[in-house]
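Comments concern the structure below.
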Amino acid sequence: MNPNQKIITIGSVSLIIATICFLMQIAILVTTVTLHFKQYECDSPANNQVMPCEPIIIERNITEIVYLTNTTIEKEICPKLVEYRNWSKPQCKITGFAPFSKDNSIRLSAGGDIWVTREPYVSCDPGKCYQFALGQGTTLDNKHSNDTIHDRTPHRTLLMNELGVPFHLGTRQVCIAWSSSSCHDGKAWLHVCVTGYDKNATASFIYDGRLVDSIGSWSQNILRTQESECVCINGTCTVVMTDGSASGRADTKILFIEEGKIVHISPLSGSAQHVEECSCYPRYPGVRCICRDNWKGSNRPVVDINVKDYSIDSSYVCSGLVGDTPRNNDRSSNSYCRNPNNEKGNHGVKGWAFDDGNDVWMGRTISEDSRSGYETFKVIGGWSTPNSKLQINRQVIVDSDNRSGYSGIFSVEGKSCINRCFYVELIRGREQETRVWWTSNSIVVFCGTSGTYGTGSWPDGADINLMPI
């Protein structure tokens, strides 16, 4: 090859290499520009139209780093559209309950600044569970904790923390309330907060951190609500509220709420005679509540709520092993599904149960007369057969030598089914423990399991002699 041919060959190769490099740079530039603009677009699965990310609620902001040769491109992955919860999955099949959480608030109060509370409950958004309680406007090691046995003061507020985090000084005070309920509709939290004078209280409806609606007392006798989670189906949330006598006829209404706005109010109908402090759970396409009859029955009222047409029905749990306290012993207790049993009906305690086909799972104090101990079990035929008493799968949650209190249900949606969980309030202090002047609580939480489980007891555990007076 002569010199001229060498020069031509080298030049041709160089030109080809330069052309390839030029085309690569153009490809990189096009890719960079495309990815840059695509970070502001999302494909809608419904109609394949391009929609801006901006109006979509972002639950988690995920950043993906893409490396192309020496160029770094930062691309935001658009989140999926947040939707209302519909709770349409079936209920999980369980064999019993397994330990889930315990906050040890009273034990921690012996050496730290922990709120004085009562009326706790648990509720979950689609990704995380939270514990709530009504604070008394004071910590335990504080002279303001004296005489906190009283239920209704203007200083009480609804507290909210992640489940398992005790109510420390940094805890968020969601609203002013001496009675409350909370639930998440899939997009935001709804809080129902009752406060004010006994004869003229106000219920505030707070949605997504904003006051949206309110309603005043309709019977001028302690307007009150569930003290556990409400339930939202396809954007409509239901909450049971009562105003009137705690030991006689009262006026119960079921409120239907959409994004904090009251859209309908239905009166209680059916055979339930007295309804308070309902523990509600989704039973698609409706909502079912197990409540407290503080007037006539130690068997628990059932309230069925139709979310679509706002209709209401009520009855009583059929199980002859009844769930309220005080109650008759199991040999002499009765329940025939439709009416209160007129057995030690005056007074009571908040509790829960849920149907499982024809059977019923339930929890109650071990003591028949006081808020001591706690047990759960399943009653065969307890949902459909009057006065059924065949008990299986009994578990002790708190032994009979230790105090319990209110209890309630909450629901957790899994990949294939909806699990039922419950909490137990572990009350300490006055009236029973007179060495101290305060009344407060901790909680223990269990959830349904399809596995095996052992035995134990999970009381509050604080030594009252080590506690601030």
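Using N, Cα and C of the backbone, Cβ positions are placed for all residues, glycine too.
Counting every protein chain shown, the number of other Cβ atoms lying within 10 Å of the Cβ of Asp151 (active site, proton donor/acceptor) is 16. Annotated active site, proton donor/acceptor per Swiss-Prot: Asp151, in sequence order, evidence recorded as sequence analysis.
The substrate binding site feature in Swiss-Prot is assigned to Arg118, Arg152, Glu276, Glu277, Arg292, Arg371. Annotation note: Arg371 (substrate binding site) sits in a coil segment as assigned by DSSP. Counting every protein chain shown, the number of other Cβ atoms lying within 10 Å of the Cβ of Arg371 (substrate binding site) is 20.
The Ca(2+) binding site feature in Swiss-Prot is assigned to Asp293, Gly297, Asp324; the stated evidence is sequence analysis. Just so you know, the Cβ of Asp293 (Ca(2+) binding site) picks up 22 other Cβ atoms within 10 Å once every protein chain is counted.
What Swiss-Prot lists as N-linked glycosylation site is Asn61 (among others), and the listing cites sequence analysis.
For Asn70 (among others), the entry in Swiss-Prot reads N-linked glycosylation site, with the evidence type sequence analysis.
Taken from Swiss-Prot, the feature N-linked glycosylation site covers Asn86 (among others). Annotation for Asn86 (N-linked glycosylation site): same-chain Cβ neighbours under 8 Å, separated by at least 6 residues, are Ile233, Asn234, Tyr284.
Residues or ranges marked as N-linked glycosylation site in Swiss-Prot (evidence: sequence analysis): Asn146 (among others). Within the same chain, residues at least six positions away from Asn146 (N-linked glycosylation site) with a Cβ under 8 Å of its Cβ are Trp437, Trp438.
Sequence-distant neighbours of Asn200 (N-linked glycosylation site): residues of the same chain at least 6 apart with a C-beta under 8 Å from its C-beta are Gly216, Ser217, Gln220. In the three-state DSSP reading, Asn200 (N-linked glycosylation site) counts as strand. Taken from Swiss-Prot, the feature N-linked glycosylation site applies to Asn200 (among others).
Mapped onto three states, the DSSP output places Asn234 (N-linked glycosylation site) in coil. Taken from Swiss-Prot, the feature N-linked glycosylation site covers Asn234 (among others), and the record attributes it to sequence analysis.
According to DSSP, Asn402 (N-linked glycosylation site) sits within a strand segment. Marked as N-linked glycosylation site by Swiss-Prot on the basis of sequence analysis: Asn402 (among others).
The region 'Hypervariable stalk region' annotation in Swiss-Prot covers 36-88.
Confidence over the region 'Head of neuraminidase' (91-469), given as mean pLDDT on the 0 to 100 scale, stands at 97. Residues or ranges marked as region 'Head of neuraminidase' by Swiss-Prot on the basis of sequence analysis: 91-469.
The topological domain 'Intravirion' feature in Swiss-Prot is assigned to 1-9.
Residues or ranges marked as topological domain 'Virion surface' in Swiss-Prot (evidence: sequence analysis): 31-469.
Taken from Swiss-Prot, the feature transmembrane segment covers 10-30.
When the recorded positions Arg118, Arg152, Glu276, Glu277, Asn402 are ranked by how far their Cα is from the Cα of Gly297 (Ca(2+) binding site), Glu276 comes first. Of all the binding-site residues given, namely Arg118, Glu276, Glu277, those whose Cα is no farther than the 10 Å limit from the Cα of Asp293 (Ca(2+) binding site) are Glu276, Glu277. Taking Cβ-Cβ distances under 8 Å and a sequence gap of 6 or more within the same chain, the neighbours of Asn402 (N-linked glycosylation site) are Ser372, Gly373, Leu426, Ser457, Pro459, Asp460. In this structure, Arg152 is the one among the binding-site residues Arg118, Arg152, Arg292 with the smallest number of other Cβ atoms inside 10 Å of its Cβ.
Cβ environment of Glu276 (substrate binding site): Arg224, Thr242, Ala246, Ala250, Thr252, Cys291, Arg292, Asp293, Asn294, Gly348, Lys350 lie under 8 Å away, each six or more residues apart in the same chain.
Around the Cβ of Asp324 (Ca(2+) binding site), the number of neighbouring Cβ atoms within 10 Å comes to 28. Note: the Ca(2+) site is recorded as Asp293, Gly297, Asp324; in the same chain, His274, Arg292, Asn294, Trp295, Lys296, Ser298, Asn299, Arg300, Pro301, Tyr316, Val322, Pro340, Asn341, Gly345, Gly348 also have Cβ atoms within 8 Å of that site's Cβ centroid. Within 10 Å of the C-beta atom of Gly297 (Ca(2+) binding site) sit 27 other C-beta atoms, taking all shown protein chains into account.
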